[in-house]
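Annotated in TrEMBL:
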- 27-510: domain 'Major facilitator superfamily (MFS) profile' (DOMAIN)
- 512-551: region 'Disordered' (REGION)
- 136-153: transmembrane segment (TRANSMEM)
- 165-185: transmembrane segment (TRANSMEM)
- 191-213: transmembrane segment (TRANSMEM)
- 225-244: transmembrane segment (TRANSMEM)
- 250-269: transmembrane segment (TRANSMEM)
- 339-357: transmembrane segment (TRANSMEM)
- 369-390: transmembrane segment (TRANSMEM)
Amino acid sequence: MAFNDLLLQVGGAGRFQQIQVTLVVLPLLLMASHNTLQNFTAAVPSHHCRPPADTNLSKDGELDAWLPRDGQGRPESCLRFTSPQRGLPFPNGTETNGTGATEPCTHGWIYDNSTFPSTIVMEWDLVCSRRALRQLAQSLYMVGVLLGAMIFGHLADRLGRRKVLILNYLQTAVSGTCAAFAPNFPVYCAFRLLSGMSLAGISLNCMTLNVEWMPTHTRACVGTLIGYVYSLGQFLLAGVAYAVPHWRYLQLLVSVPFFAFFIYSWFFIESARWYSSSGRLDLTLKALQRVAWINGKREEGASLSMEQVLRASLQKELTLGKGQASAVELLRCPALRRLFLCLSMLWFATSFAYYGLVMDLQGFGVSIYLIQVIFGAVDLPAKLVGFLVINSMGRRPAQMASLLLAGICILINGVVPQDQSVVRTSLAVLGKGCLAASFNCIFLYTGELYPTVIRQTGLGMGSTLARVGSIVSPLVSMTAEFYPSVPLFIYGAVPVAASAATALLPETLGQPLPDTVQDAENRRRGKRRQQRQERKQMVPLQASAQAKDGL
């Protein structure tokens with residue numbers, strides 16, 4: 001597998017890699033905004049029933065006469081009196097007895113727009129009997145991400161990373177912009193689903209295209225950079241949502257820049273690894289020569305066309321795994337089957353616990369903008385620690401530790417009393433940071449474990465399991481009706497259990513990327529051979545120790 005040597009020959013992490021990596025990761029700033037956008041565009045303000053249209057609201061106490069109160073003296077959100085009730089004194093000086101018959105809000109609701117002047121909840125009355133529709137919008141977005149991971153992951157292995165990225169940028173720009181002008185809720189949901197599909201493709205191809213153009217020793221840096229850009233996107237969302245609180249303008253603001261990303265993505269250079277794995281050696285040479293020219297290595301690039309070693313080396317790899325591997329190979333081949341099952345557990349657990357924490361920002365009881373900033377800030381030290389562990393100890397320890405610590409934090413949070421809000425918030429923030437580090441690691445780890453011919457499909461399947469986790473996660477929160485801490489126990493137990501799967505995965509620190517299914521199989525056999533040799537070496541040592549004990 002000499003491809004890493006070829007990358008070093010044409011400049012390694014040179015000018016081309018720096019420019020393309022920057023341009024490819026830039027859209028991730030807004031991808032983070034889209035993933036948690038509904039924390040702001042679908043925020044639920046305080047609300048109460050609107051009285052009949054002929055009610056004289058300018059008269060003191062007239063509005064209160066229609067509103068029954070809950071146990072804390074606040075107006076009921078979903079009920080009103082069938083007729084105005086007066087008679088008993090109320091603390092604000094009005095008179096209401098609150099003993100009359102009640103009915104649902106037949107004339108709509110009045111919302112407190114002091115924090116959010118407009119949200120989809122306010123515009124389409126997604127409260128009370130319709131409150132489940134709010135979660136439906138987010139669930140449909142995640143369904144779109146799931147579909148996109150399956151569809152665009154497969155297409156990227158067939159058509160190439162660059163073509164799929166160009167399509168995804170355009171689809172995100174168009175669907176996101178159309179969602180901002182949606183005339184009704186079903187149309188809004190449809191465009192959000194399309195946005196989710198394309199954003200999943202962007203996430204997968206961003207990592208793959210960058211990893212395949214980078215030398216081995218820089219891959220961890222690229223993976224960490226992508227994670228930090230995503231974290232910065234969370235800061236960006238908090239600032240933009242605070243400055244532009246109207247949901248339509250906010251939706252438009254995070255979607256229009258993708259038209260610019262679509263335009264400059266035409267200048268990306270397709271992965272030479274993908275060209276070679278597809279058997280297109282002429283395009284492989286052209287891509288490498290173009291990169292060499294950009295990196296100031298013109299002589300090295302020109303010499304590549306005369307080096308028959310290049311063609312022989314790539315052809316040898318192609319004969320080991322000729323043609324594109326299908327998704328069926330993930331279960332048919334023993335080496336890939338183990339990778340697929342273990343990585344699926346890690347993807348599901350990370351996403352399941354992550355979205356269980358980040359999609360309920362209003363539940364913390366403080367400013368939603370402040371919590372968004374805190375959740376983004378904790379990613380910075382968490383991912384730095386993860387980066388150091390990834391580069392020093394390896395991918396496997398980093399993946400195991402991040403999931404295990406996240407699960408422990410969430411489990412502890414489940415037994416902390418409800419009135420200890422500072423402790424509970426701190427544990428949630430710490431758990432979220434560990435899960436962010438886990439996401440950072442799993443993207444890099446998956447890309448390094450799967451061979452080139454099926455790497456994008458493998459990433460797509462992993463992302464699919466992650467989306468399943470993000471869809472199931474809101475359903476688990478409904479168990480709080482039985483006991484408030486049940487969701488936290490489930491959110492914590494899943495990543496703790498999944499962390500054990502990392503013990504079955506090989507370490508990839510400093511290892512070249514596998515290009516074919518045969519490479520992955522050879523790596524598995526090599527690991528088994530090494531384990532057998534270690535056991536054989538232990539036998540004489542144990543015999544010698546026993547002999548010494550006998551003496």
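Don't overthink the numbers, they just go from 1 along the chain as shown.
A Cβ is built for glycine as well, from the same backbone N, Cα and C atoms used for every other residue.
Residues 7, 16-17, 20-21, 24-25, 27-28, 31, 34-35, 137, 140-149, 151-153, 155-156, 161-162, 164-165, 167-169, 171-172, 175-176, 178-179, 182, 219, 222-223, 226, 255, 268-269, 271-274, 291, 443-444, 447-448, 452, 455-456, 459-460, 463, 467, 513 of the same chain sit 6 or more residues outside the transmembrane segment (191-213) yet have a Cβ under 8 Å from a Cβ within it. Panel annotation: around the transmembrane segment (136-153), residues 38, 42, 120, 164, 168, 185, 188-189, 192-201, 204-205, 355, 359, 456-464, 466-468, 470-471, 474 of the same chain, lying at least six beyond its termini, place a Cβ under 8 Å from a Cβ of the stretch. With respect to Cβ pairs under 8 Å, the transmembrane segment (369-390) is most closely packed against 225-244, considering the stretches 165-185, 225-244, 250-269, 339-357.
For the domain 'Major facilitator superfamily (MFS) profile' (27-510), the model's pLDDT averages out at 79.
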